[in-house]
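Notes follow the structure.
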Protein chains: 2
Amino acid sequence: MTGNTLSGLLDEGDVAGLQRWLGEHPPHEIADELARADPVRAVLMFRLLDKDSALTVFEELDPGAQQNVLSGLRGKAFGDVVEGMDPDDRARLLGEAPAKFARRVLDGLSPRSRAMTAALLGYPEGSVGRYMSPRTVAIRGHLTAARALDVVRARGEEAETVYTLPVIDDHRRFLGTLELRDLVLSAPERPVTELADTKTPRVKATDDAEAAARLMQEANLLALPVVDSEDRVLGLLTIDDAVEVIEAADTEDVARQAAAAPLSGHYMSASVVQLARSRAVWLLLLIVAATFTVNVLQFFEATLEQVTTLALFIPLLVGTGGNAGAQAATAAVRALAVGEVRTRDLPRVAWRESRVGLVLGLMLAVVALGVGTLLVDFPIAVTVALSIVLVCCWAATIGATMPLVAKRVGIDPAVISAPLVTTIVDATGLIIYFLIARAVLAL
Amino acid sequence: MTGNTLSGLLDEGDVAGLQRWLGEHPPHEIADELARADPVRAVLMFRLLDKDSALTVFEELDPGAQQNVLSGLRGKAFGDVVEGMDPDDRARLLGEAPAKFARRVLDGLSPRSRAMTAALLGYPEGSVGRYMSPRTVAIRGHLTAARALDVVRARGEEAETVYTLPVIDDHRRFLGTLELRDLVLSAPERPVTELADTKTPRVKATDDAEAAARLMQEANLLALPVVDSEDRVLGLLTIDDAVEVIEAADTEDVARQAAAAPLSGHYMSASVVQLARSRAVWLLLLIVAATFTVNVLQFFEATLEQVTTLALFIPLLVGTGGNAGAQAATAAVRALAVGEVRTRDLPRVAWRESRVGLVLGLMLAVVALGVGTLLVDFPIAVTVALSIVLVCCWAATIGATMPLVAKRVGIDPAVISAPLVTTIVDATGLIIYFLIARAVLAL
């Protein structure tokens, strides 16, 4: 089995086999193998690539893996790679790297590339500026289609994309965007201003990159113009970078939703310690919060000693409440992320989720009533059933509204994770359960 | 507040205000408002749009909302919209619609559009064929760049995209892809075969759409050629559709991860009953599974009556185990979804996650030992601490491996939801807890 994989061939020291494998596979598959390998093997494999494919493969790696590979390169090999990178990719690599490494990269660059990279690094982390391509072909508004096409031919080789062309005035201010398609299909003498779309949205370089990427997705754009505070065109955010931004944001949300910190690299290349570290903080916070459930149960210990059978339904009750809360929280976080819900929808969300919780609670209460009567007795069953109705209603309401509240006060809504909601619902659910038990069982 | 929104203006019957609002907002924002509105309002708003923007807005809606709007249109307005849609969008709309509605749409089409749509509908749901654009400009391999550009000029108006051009032989078989950029920048006399990329991946129309979309993302492609079983070019999967496929798949995964069925439409336009229905099945299954925790506790009821204080730590213990399991399951599901983990990694994943669980368990055990000693007594604290180590280790291992096992046997790994893992860990965790309690407390 290992003989078919790159690292299997590496284990066997089969250089000819390795080179054959590398020649037969597309860059993104090679990049995937590199990302899964440990740093030493990754560098060994990378060195076997010819110069052209080396750069293509390198561009497909995420910044963590890029750093691993670069750390193992010296001299010209190092210089060729860093100089060949797109300025935005380079800025992203440096943004995450330690200062010493960043210095080495910057020293290996030509003055022009260094200036371009430094400019992008001037924008805050997570902003559009870090992801935009500064190398675009801007078209003056007074040109004809034929002249504009000449400009594309003269300067297109250098640009990252020529499919969307920003149209500018004499002061480089944004007038609209021009699609290369329209330019190619148009009559040569038509003025650019007639072909340009002046309604395309644009963003500032300091704007949030995720919001810009989602906007591109909603508006089906291949590239989004990026401007400065005086509306001068700085570059374009291209769809491949936008897709990456969205995937990274989704991966982060997914991790947060399970109460873990997002991993910076590839799952398979992360060490046990890295994985444990990404999950430890939340688990610690949650176990401390869960201590409150011990306090609640201590408070009701006398009731519990009187009727030990009440304890039998604790996991079922808190589990069900937790599940209902987790469902609601996850739905709300996702709806916020994709823009279906806004913070001002809070009252509507609370009202509908409380009814959803009620409907679900009533349905589950029927099951609990049956199970409880069958396994224990009717009064206990009634206690459990009533508790489930209230707990579900409560769980769905706070599960769905907490992410909106978090967003409104400026916290990432995804930190309202399923485990966090579950833990909160556990403690409050127990209070509801024992209060109902005391009433129903007349304790 | 409502005065600023489209539905606020609608409430006030302010037609002039509505038309001003529609004129000032880009299509994707108008589409978002329509998607949030109830069907009747959505149709009212849609009718106020002029013909050109109506189609653009319509294309931005998801199939559910499109159906709502179309159901409210008659005669020519209906025909214009369905005829103006891209064939792949139309196929997607019809794929989800009831038969009667689909018939009405097909009847409103020109014979050519009807044939094209029917062809796409012949592919299975979720396959590339349902999402591809059949309207592309294919270039014969023997042409020069100048001649190829003439073909683009002659036939480009009709095509959905001209940035990626499939290159074909005389039998329409796939030879490679040509970027419009290279065509425009190239010397006119160069042959197309020299400019084409013959290594671009391609997919079959019957392949899974999500896998194809992720491939595009990894390989940074704007369009992916789609072929039939004899390698003849059928169309292109474009990046905007790929992004939609990925977003829908991620939304589905997120919902599944919280043990809910994915909603087919917009969160805010879903009714309370629809929301409840999407969550009910899993909650029912899980409460039935949770009944097992009642059985476990009944089995240990004598132990519980002897030492009621054991009950105090049940929520903390099962909660912590559930959290550790949920973290591991979520990480594994996401890593599978983005292609970082494959099913054959199962042994490696199991081995590393068991160690991650051990590390986390040891850390949490220290907290539990402190809390337990402080609130109750040392022997109970030792019981809880030991249980936490074992439960965390077990939870992380099965949480991470279950999604891989699911995938191997052909089940969507995302159904291994955090609540499912939690429920399984609850029951097994209780068994571990009481067995340790009997040993430590010598009961």
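Placement of Cβ uses the backbone N, Cα and C atoms for every residue, glycine included.
According to TrEMBL, the protein carries these features:
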TRANSMEM  B:280-300  transmembrane segment
TRANSMEM  B:312-336  transmembrane segment
TRANSMEM  B:356-376  transmembrane segment
TRANSMEM  B:382-406  transmembrane segment
TRANSMEM  B:418-441  transmembrane segment
For the transmembrane segment (B:312-336): best-contacting stretch of B:280-300, B:356-376, B:382-406, B:418-441, by Cβ pairs under 8 Å: B:382-406
Candidates B:356-376, B:382-406, B:418-441; stretch with most C-beta pairs under 8 Å toward the transmembrane segment (B:280-300): B:418-441
For the transmembrane segment (B:356-376), sequence-distant contacts whose Cβ falls under 8 Å of one of its Cβ atoms, 6 or more beyond its ends: 309, 312-313, 316, 320, 324, 328, 382-386, 388-397
Sequence-remote partners of the transmembrane segment (B:418-441) [C-beta within less than 8 Å, at least six residues beyond its ends]: 257-259, 282, 286, 289-290, 292-293, 296-297, 300, 303, 307, 310, 313-314, 317-318, 321-322, 324-326, 328-330, 379-380, 382-384, 386-387, 390-391, 394-395, 398-399, 402
